[in-house]
Every structure is written in structure tokens, then in C-alpha cells.
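Beneath this line is the structure, given in C-alpha cells, with notes to follow.
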């Protein structure tokens, strides 16, 4: 059991009451943390969170009540804390920490930053801002019964990005729109469709066929002629779903009054017929089969196959067609009730929204010759249902404060990465502290001269992809500026709006970039410079636009055992939504649980705990022997205080 040894010294108590700290996140961990901070004596606190309160938060985020639903988490958390600690000086920001207003100077105004986040992008950003400002950061995360806390100090410990994260499960936009091969592709497409028609407009969530699919390599003139048949059938003009919805003025009646003909024909017949004209896609794949609404009406609706609850049964295609129609009519009514300009937000717990995604996804699965899924299965994949446990958040929040006290006491060498396990280790302890590692010299974030090598095809990679998918998505930059090291200082990308917009659609090769070229990428907000070495290749794997060469440090986490893989996240269902980029992303970070009675190095574990793959380490960190097979001798461990966190 972790114990707080002794009362705070006068010097430490004074530091606690006078220091200024930043809390990033006011959700599950954040609520517990704010309570702990003020009760420990912290007086000057600033908290930032972009999220608003949802009903589903109320079972564990105790600073919020039903009357607060829809309000700012940061603001309500501040008001609730001040009720039991009115002497505290708390500033709340309902904003994103990635807003340029929160620059390096902003971070330098704090003595300590504490993360209570639920997504990797924000964690990466705060990590870099704290490195640039040289401010200690305490990182944390929970996943059901699992949790962990670590301390990050520039030049002293590993940063958040020193160790590799497991590759994210990404689905290129052309796969979602043109060539789905797995049920998850169809489910993501259905959620995109919901947002296109009922929710917030997002150009990266297009659902119509992707005519720019590089694999198709089609001749637009020839295909236009072959697509005539599709245009004649139903006389529907080829437009994107978004343009089509916009053309109706987003009038729900106009959009859906022909749900039994034009609407379903466009999505499940005309779009599919259009895809068939891109014949190169189907040379090595089974071609999709368009659905005809008239035929769907003639099909009987079976009661569903499979045993168990209704949600666990799989309907036939006729049943899903009727479910689709019914859900659209219900959602149309909901949208009309909200008034002009209203939007619906997809929620797995909203029956009509879940019915819509279940039906649309299964109809698309049927078109592409996949086995259809039950509503239960679709909900599990679409909602990324993850356990969120208040007790875990409370334990982790307490550990954050204990590590913060060590930092303020100038005792960084005593700081630890601490893991909260679901099961006791061989010494019957749930909390296992690990020594902090030194910075990884090969880290592309905190190394003295960050540098990476990226393998790509310079003749197929456009400047926009370099900016969005490589620099922003992969390397976590917010507003990059890129200069080609060609002796002339050619500016390829500028963070100033409009300066290099004309470059976006051009290939890298158009600027003389070739094998061996070097690009200097600067993010002035993060005070971060990265040198990118270009390795040209024309033999990248299918659906892979680029690869980072040698970016994995030597001490990569061990491979996971398939039977132990679980889908877990940071205890916040809101963090598990699909990406709004052109790739659908399922966040997946590793959480390594250490089953050793020694104090291992924290390098064997990933600090982040979003959607994770549970891994259990069975070998001793030093001997390599399986812990379960080691002989339990009578001698005591060299340090029986592994589980005690001392402050003095």
C-alpha cells in the first residue's frame, strides 16, 4: 500500500500554498485531482477542458450534477470545488489546450503541470510544451481497474514520446469509401453517414465514392461514359452526400421524404454502381452488389438468426432495410423538433442513432459480401464500450498529488512511475512503483537535435499529405513551417494562412524533393524543430502512404499475447470516437502491468492508457526468469520500501 510518510515540512507546505499549477482535463481523473489538490493545500490552480458535461459522466465525475449537463466541465468543476474550499484561487478555461493562445510563455507561468487527459494528441502537445518551457509534467491515465502515473522532467526523465506507441489502427479514406473489407470499415462509414446527414459537417468524413483513389488509376473520361447508366437509373446527379444535403437547404422533409426511393437508391445502389465503373478496383477483389429498394420491399423480415437477446440477433437484408427506413424517419423528426440549423450528435446510447448505424453498416456489409453483425456487435465496435471506474480515478489522482509533492520538494530522484494493477503481484501488492528512465537519445521530440527518416513515394505524396498526415498526425505538430534544405531555403509549407496554399495539391517531386532530400520542420507554438530525411520508395505496402524508418527505440515493449488482448481506454467514453481525419483511427496505447516484486525500469511500460492492449510481464526485469517460476526464498527484498513513497 502506498503511504504518505510524515507531515509536510514547513518549507514544503509553503511551496504547496504558493505555487501555481495547471491541471489539463476536468473529467474522471480531473475531478478527483482538483478535490485532492485543494484539500492538500494547493491554492493557485488553473484548469482547462474543452468538453461539456454529459449524463454518462455523472456516475464517476462527482463534481457534476444532473443540472450541470451541457455546461463546461472546467467551469462547473471550479464552482463545485470553491463551495468546499472558498479560499482557493481557481481559474477555469473552457477551451482546447492546443489553442495557440496557450503558448510556451503560458506554460512557463506554472511551477507544475498535471495531465488528466484522454487522448494521445493532447498528451503529445502538452508533453512538448512542458519540454519547451522546462516545466515538470505529471502524466496519468486509467483504464478500467488499471492505472498509472509518471513524472516527466526535461533532461532528467523520458518524455511522453520517448517510447514507441503501438501502431494505431488506421483506415485510409479510400478504403472506407471504396473498398471496405472488414465490418469495422462499414461501421465507420455508417457513422460518417450519420454525421454527414444529421450531425456536424466534416469534409474529412465523406461517404461517396473516392474518385481520387490512387489504386483505381482510372481514366476519368472513359469512366464518365460508363457511369452514364448509373446517372440514367433514377436520374440522380453524381454529387457528394454533403453537397446533396446542402442542396436541400438541410430541410429534413426534403431530404427524407423519398427515403424509400431516391435516398436509399443513391446510397446503396447508385454509389455502388458508380464504384463498379472503377473496374481496376475489382480485378483482385470480389465486386460489390448494388441493392434495389423495390426488391428490398419484397423481402420478408425474418425474426433474426442467433440465440439470446434481441440485440444479439442478426436480421436479414430486408430487416435491416426496414430498420434503416424507420431510423431515418425517427431522426428526421428529432432534427425537425430541434429547429432550423440544429444538429444531432451520435450517441451509442441513443436508440434511433444506434439503429441507423446498425442498419446502414449491415446493408453495406451485405453489398460487399461480408457476414452481417448483430446490433450488440455493432454497438461494441462503434461505441468502443470501455469501463470507467471511479475508484481507479480516485487512486490515480491521489498518486498524482504524492508525486507532485516530491517535485515541489526538489526530490525528483525519488519520483516513480506507479502502476495500479487489477490483480496483486507475487508480493500481494496492487501498486508497483518503477524507477524513472533517462531520456531516450533517439527520441524525435526531446533529443538535442530531433531527426527522423520518412520513407515515401515523392511522385505520389502531395504537400497536403506531408503537412496533415505526417507532420501533424504522425509527429504531433500543430502549425508546422517546412523549409527544403536545397541551398535556396525554399519554403514548402507556411503556417501563415494562404502563403503556400497553392503548394498543397502538388507532389513533393515538383519541388525537387527526391531520395536523400532533407526538410526542416518548425512548430513555433511548440518551440520544436524536426529534421526530416526523405527516403524515396516505390514499393510501399498496400494502403501505406509512408513509413517512419527506425523510429522505434531499442527498448520497445514486448509483443502482446493474443489471448490477453483487451480493448480498454482512459475511462472516458467520449474519447473513443472515430477520428475526424481522412483516416478512421482507433486509439491504441500499451499498458504493461509489472508482476515483479523488484522495482523495474519504467521503460518497459507505456505511460499512456487510452484504448490499450493489456500486457502482463512474466519475467524479472534483470534475470529474465519467469516470475512465477522463481524460487521464493526466505530472504527479504533488498528494499522492502518499494511500495512506500517518502516525501522527506
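Glycine too: its Cβ is placed from the backbone N, Cα and C atoms.
Annotations in TrEMBL come from automatic prediction, not curation.
What you are looking at is a predicted structure, and each value in this text was computed from that prediction instead of being measured.
Per TrEMBL, the listed range annotated as region 'Disordered' is 204-234 (candidates: 204-234, 235-265, 266-296, 297-327). Of 159, 191, 422, 443, all annotated as recorded positions, the residue with the shortest Cα distance to residue 28 (ATP binding site) is 422. In the predicted model, the domain 'THIF-type NAD/FAD binding fold' (8-443) shows an average pLDDT of 82. Summarising the environment of residue 165 (SUMO1 cross-link), the number of other Cβ atoms within 10 Å of its Cβ, over all protein chains shown, is 19. You'll find the Cα of residue 59 (ATP binding site) roughly 26 Å from the Cα of residue 191 (SUMO cross-link). Take the binding-site residues 59, 96, 119: by the count of other Cβ atoms within 10 Å of each Cβ, the lowest one is 59.
Using DSSP to sort the residues of the domain 'Ubiquitin/SUMO-activating enzyme ubiquitin-like' (454-540) gives these counts of helix, strand and coil: 19 helix, 29 strand, 39 coil. The binding-site residues in question are 122, 159, 446, and the one with the fewest Cβ neighbours inside 10 Å is 122. Residue 446 (Zn(2+) binding site) and residue 165 (SUMO1 cross-link) have their C-alpha atoms 16 Å apart, to the nearest angstrom.
Nearest by CA distance to residue 25 (ATP binding site), out of the recorded positions 159, 162, 191, 422, 443, is 159.
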